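J.: I'd like to ask you about the structure that follows.
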Amino acid sequence: MTARNRLTDRPLEPESEFIVKIQDINDNEPRFLDGPYQAAVPEMSKIGTSVIQLTATDADDPTYGNSARVVYSILEGQPYFSVDAKTGVVRVSLADMDRETRENYTVVIQAKDMGGQLGGLAGTTTINITLSDVNDNPPMFDQRLYQMSVPETAPVGSVVGRIWAKDRDIGVNAEMTYSIVDGDGRDTFDITTDPTNLFGIIIVKKPLNFEKKPSYTLKVEGANTHVDPVFFKRGPFKDVTIVHVSVEDVDEPPVFDLPAYYIEMPEDAEIGTVVKTVSARDPDAANNTVRYSIERSCDPEKYFYIDITSGSLMTVRSLDREEISWHNITILAMEMNNPTQIGSVSVALKVLDVNDNPPSLTHYLEAYVCENAKAGQRIQTITAVDPDEPPGGQHFYYRLAPEAVNNPNFTLRDNQDNTAWILTRRGGWSQQEQTIFYLPIIISDGEQPVQTSTSTLTIRVCSCDHEGNVMSCNAEAYSLPASLSRGALIAILACIFVLLVMILLMLSLRTHRKKPYLCDEEENVHENIVRYDDEGGGEEDTEAFDIAAMWNPREVHHHLGKMRQDMLPEIESLSRYVPQACVVGGGGDSNVHGYVLAKLLEADMDPCAPPYDSLQTYAYEGEGSVAESLSSLQSGTSNNDHEYDYLNDWGPRFKKLAEMYGVLETNSPPMW
């Protein structure tokens with residue numbers, strides 16, 4: 001600080017320094033900056049066990065007086081906990097606190113400045129203290145005896161039931177391990193622990209059988225996995241219980257005496273030979289009767305049959321090892337009283353080989369000899385094949401047929417190694433003299449019974465070069481000319497095919513032209529009623545009726561000729577009921593009547609007309625009929641039932657209609 005002249009602003013004296021010291025007073029209370037607090041201490045802790053240390057801060061000057069001197073005290077939480085007044089350490093003040101009795105505690109701590117004197121400021125905080133678990137409680141089963149049941153068909157590994165040794169502790173301190181320590185079911189059942197390590201799961205260890213043993217007793221022990229040595233005196237930390245398991249009876253399928261059958265049979269066994277007699281029984285106490293059958297899908301060719309009562313499996317077809325060497329058959333056994341219970345077993349049948357097939361030449365049924373071949377030259381090595389498989393291996397023997405033994409051209413040498421050579425006996429071969437030779441060869445095997453076959457080897461005479469390579473075997477006759485390629489042959493065949501298609505189309509069009517076309521208007525459509533009094537000409541009879549004439553009634557051609565003598569057309573009788581005045585008069589009526597009479601005359605004069613009548617009905621009402629109008633036009637407008645009794649008044653010609661639709665007058669008494 002300095003003093004200055006007000007007018008000149010010059011300092012009047014040197015600068016001076018002043019120090020101002022502010023006196024602190026107790027105006028801030030202690031504060032717990034991190035509260036409220038969470039803490040945990042193991043249950044059963046000893047007195048004095050530290051739980052947590054608290055620190056309160058005071059904004060007052062700690063160097064001046066007691067304004068910042070803090071003293072701690074407990075306001076809530078006694079007698080379980082206490083706090084050190086100077087350090088703020090919270091400790092256990094009650095021994096053997098049990099978590100299972102009470103787990104959570106709330107403690108209120110106060111911090112007061114001025115050394116706790118009267119007039120000091122105070123602040124409080126809360127501590128939530130939890131007792132952590134220790135393994136201080138042994139497990140105990142809630143039942144001394146467990147009753148369980150399981151069906152006898154339960155597979156191995158099936159769950160029978162579960163048990164639980166309860167422990168008041170939690171977490172790892174409650175984890176259990178279970179074991180079967182005694183009982184007659186120790187070998188039949190087993191026990192494991194579930195994923196939570198709390199429950200014991202009893203499972204099936206071996207197959208069950210109600211008929212052999214209906215119940216089991218198990219003595220099971222449950223023990224804590226983690227044991228604290230400090231609390232051994234509270235033990236033992238394990239418990240035992242008894243489990244009684246009842247096996248339930250189930251209607252089981254029949255069981256065969258063997259799990260599978262293996263059979264060998266020679267392929268020459270006669271039909272009806274018994275292959276094997278299988279046996280199955282009902283394992284239940286009822287011991288029901290068993291019936292046998294063969295599963296259809298395993299024997300589609302039906303080689304075998306099984307007796308339904310005895311279980312004897314026999315052949316019904318000849319076996320052939322070369323066709324099927326193994327037969328896998330599934331035999332079913334069914335209870336008579338319960339067809340749903342079916343047992344099965346597999347039968348593997350191996351067909352043993354029998355020497356029943358003759359050997360034959362393989363691959364080579366043709367050979368060639370060069371024109372320049374000399375006597376004694378080998379032209380072919382032959383081998384044979386036999387579908388049979390003898391145990392000692394194949395042994396083939398070759399020789400020429402008796403009729404070829406003394407032929408002057410070729411001979412055969414058996415090499416005794418299942419092969420043979422074809423050798424020439426002479427030279428001087430020529431295609432001009434003979435181009436093909438046939439050499440019959442007899443082949444036999446070495447097994448009993450000996451099988452023999454004859455194969456014919458075709459030998460061609462060919463032109464060869466000096467190294468023996470074939471140049472020509474007179475094959476020109478078997479090949480196409482050199483000038484005609486395969487493409488040209490295909491083109492010729494294609495042309496022939498096109499010509500055939502065109503011819504068929506022309507014939508089809510010509511056939512369609514012969515048929516009349518009905519191309520007039522709708523009003524020219526007629527209804528035809530054709531009545532056959534005797535057998536006609538069938539579908540080929542096209543002379544019955546010429547509908548084309550109806551389109552133009554004026555073009556009526558009269559075919560004069562010999563009158564038919566076989567049958568008088570019935571249509572002629574209709575003219576008696578047509579008024580003749582209509583023929584003379586003009587108008588539409590006369591035209592129709594005249595047309596009908598013209599067609600009638602044409603039918604009478606035509607000797608080729610079929611022996612039946614054609615009645616053409618037009619939508620035109622005629623005149624002079626005793627039956628008046630017979631038209632069905634407009635009949636659909638009325639829903640009233642028609643009365644047909646008037647048909648009796650129309651005469652004998654309508655007698656049949658009167659019988660069908662009306663009431664026929666008769667004097668005979670009723671039949672009912």
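Note that Cβ sites are derived from N, Cα and C of the backbone, with glycine treated the same way.
Bear in mind that TrEMBL entries carry predicted annotations, made automatically and left uncurated.
Annotation comment: TrEMBL describes 33-141, 142-256, 257-361, 361-483 as domain 'Cadherin'. The transmembrane segment annotation in TrEMBL covers 488-507.
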J.: For the domain 'Cadherin' (142-256), what does DSSP give as the number of helix, strand and coil residues?
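T.: With helix first, then strand, then coil, the domain 'Cadherin' (142-256) has 10 helix, 56 strand, 49 coil.
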J.: Count up the helix, strand and coil residues in the domain 'Cadherin' (33-141) according to DSSP, in that order.
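T.: Each residue of the domain 'Cadherin' (33-141) counted once, the result is 3 helix, 46 strand, 60 coil.
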J.: Within the domain 'Cadherin' (142-256) only, compute the mean pLDDT.
T.: 92
